[in-house]
């Protein structure tokens, strides 16, 4: 065999190998494209404390692996910290609102609890357990709790403080409901992918506080659906970042901005009017008309109030061809979210059937 023929043979083998590699790359690109089409990106948006992180936790419970005992144990410290944070917020508000303690000994309990560095809390034992129990039972603190719209207080306060005996027991393991109600402000971006009917739903939760919103921008590509959460109970509350701005007005302004973004022209919009349980409680003593004078419905009527709030948001949509899908939710209620998300999933799949070759 001549040198030329050996070289020609080597070259053709190299060319063959190059073509084989090229074909494999082409095949992989086609697979990637197909797989990307089978992934639906759901962007969870809304102002701070509207319930986005709780919604993601529910997806993990309903469509993922849920929370093992080991996972739940990881929330123990956070539950304790939430309890101290809530009581400290009320102790500070007692001063600001000039509410006296009914029982003199609670001044000492307040001093004790106030001195605690919440971020260092890792256990929950006496004298702190008794101090917090005594404080929570003081009529002054109860009055302060009833006036919580005048300062910042976690929605889970009553839930935890009414259950101190259980939480203070030795070997306490948080329940699923304890985990759902833990409040940890979201900083940065949390993604939760889960598989449903051979489609990957990638849910993206971004921080709702103003300082977090500038990080949203790069999440905006290829968004299938915007899931916007509004806390129905915020109609009489002020912002964490600015105590003279109404939280619901801020939520409306953000919603208006989001639905008019050019990035989202082809994304469906699903509006979750969340915390319906808190609205039902609050509407009995805090009147919607005091904060939204245009409301002309009956007082103490949760149904009328939530329909009015829904209309306020839907009316912000400038595009009459764009449908806004809406659901009233309670993000801490697993069965409610299971039911609502089944409907949402069907809506999203229906809207994307042809594009995703799922028919």
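Each Cβ is built from the backbone N, Cα and C atoms, and glycine gets one as well.
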> Can you tell which of 93, 110, 331 Swiss-Prot lists as binding GTP with 50, 51, 52, 53, 54, 156, 180, 181, 183, 274, 275, 277?
Replying inline: 331
> Pick from 41-54, 55-68, 69-82: which range does Swiss-Prot record as region 'G1 motif'?
Replying inline: 41-54
>> Please identify the range among 142-150, 160-168, 169-177, 178-186 that Swiss-Prot labels region 'G2 motif'.
In response: 178-186
>> Need the matching range: Swiss-Prot marks region 'G4 motif' on one of 270-277, 278-285, 286-293, 294-301, and I'd like to know which.
In response: 270-277
> Which stretch, out of 131-140, 191-200, 201-210, 211-220, is listed as region 'G3 motif' by Swiss-Prot?
Replying inline: 201-210
> According to Swiss-Prot, which stretch among 323-328, 329-334, 335-340, 341-346 corresponds to the feature region 'G5 motif'?
Replying inline: 329-334
> Where else in the chain does the region 'G1 motif' (41-54) make close Cβ contacts, counting only residues six or more beyond its ends and a cut-off under 8 Å?
Replying inline: 155, 180-181, 183-186, 190, 201-209, 212, 216, 219-220, 222-231, 234, 239-240, 247, 250-251, 254, 258, 267, 272, 274-275, 329, 331-332, 348
>> Within the region 'G3 motif' (201-210), what mean pLDDT does the predicted structure show?
In response: 77
> Judged by the number of other CB atoms within 10 angstroms, which among 52, 183, 275 is the least packed of the binding-site residues?
Replying inline: 183
> What does DSSP say about residue 180 (GTP binding site): helix, strand or coil?
Replying inline: helix
> Could you give the Cα-Cα distance between residue 183 (GTP binding site) and residue 53 (Mg(2+) binding site), in whole Å?
Replying inline: 9
> Within the chain of residue 53 (Mg(2+) binding site), which residues six or more apart in sequence place their C-beta under 8 angstroms from its C-beta?
Replying inline: 184, 186, 190, 205
